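Now, the feature entries from TrEMBL:
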type: DOMAIN; residues: B:25-81; note: domain 'MrpA C-terminal/MbhE'
type: TRANSMEM; residues: B:63-81; note: transmembrane segment
type: TRANSMEM; residues: B:102-122; note: transmembrane segment
type: DOMAIN; residues: B:107-220; note: domain 'Na+/H+ antiporter MnhB subunit-related protein'
type: TRANSMEM; residues: B:134-153; note: transmembrane segment
type: TRANSMEM; residues: B:165-186; note: transmembrane segment
type: TRANSMEM; residues: B:198-218; note: transmembrane segment
Amino acid sequence: MELTGSILVLTGAFFLFSAGLGLLRMPDTFTRIQAGTKASTLGNILVLAGLGFYHPDWALKLLVVAYFVLMTNPLSSHALSRAAHAIRTPMAPSTMVDALREEGDRQGNGDVS
Amino acid sequence: MKAASSLLAVLLFGAVFAGIVGGYGERESVSALAEQYLAMVPRELGAPNVVTGILITYRGFDTLGEVAVLFMVAAGVGVLLGGKDTTTASEPGREPRRPSELVGNGAEITLPLIFLFGAYVIKNGHLSAGGGFQGGAVVASGTMLLMLALPATKLNHGFLGVTESLAGVVYVGIGILGLVFAAGFLDSHILPLGEFGTLISAGAIPVISALLGVKVGAELSVIIDRFRN
């Protein structure tokens, strides 16, 4: 039981580490946001699940926390990257397609939601 | 040269922190004062959370002062930022960007959760970590999310002001009741202690906690809203 919890927490820590690594190594704002969000959401939830194995009586509260992380983390990253896109933050030179900008141009204004 | 000086700075900081870490010894026993409080709060006040018991009863006057400071801050922000016409913000020809639909919907789902959590923190102040100030701050953060995600929202300042003033008046009124019916100003023994560890227990502490939560939440919400315009 505790071994399972420890392994889960360790896996979560690995994902959180890779999120930090992504923040350092990725070339531009959007890829950094993406690396930070995806890996840290999964890492957080894994750590919470591992804690749930350690303390089964906390399970409900941990579930609520995990739900909250799942709701807010991608959403805040979406808001951040949308704002960054709207003020035309430069992208990495290797970017091929900007689907959101093309969609906005097709509709005749600079911005769509 | 620059690298050498930064290395030197890091080394010096390292030496300072090594001294602090090396000199740190975990305290084996609680001090006499802490022991006194740890025994006294559950016995006399019936509150498992010693910190809230101290803050609301033994140092109730201090807490009243903190609330007064917060009130002064809200009043000062209102004097500095209030009274301006808000229509000057939007310049012609440049409409503000529509808020994202995802953010709006997400806020509608998370807001009830945040407010519920704030109420939970306020109501469990005498049982576990939390209390009026913390819960009020959680509620105000929910208000902030409401303003960011749904910018069309208008806060009713009059209603919030009246709520906050009423909470403050009732708080002082409870303090005076303590002066009349119990040992002193803000004594929590005006209500029965109840069963130890249940939601409705510890005398007037939950009532004061709830009043503090309402007051802090309303005040911080008004302050945040003032900064928006």
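Numbers here mean position along the shown chain, with the first residue as 1.
From the backbone N, Cα and C atoms, a Cβ is placed for every residue, glycine too.
Predicted, not measured: the structure shown is a model, and the values here were computed from it.
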Reported in the order helix, strand, coil, what are the DSSP residue counts of the domain 'MrpA C-terminal/MbhE' (B:25-81)? 45 helix, 0 strand, 12 coil
Can you give me the average pLDDT across the domain 'MrpA C-terminal/MbhE' (B:25-81), rounded to a whole number? 80
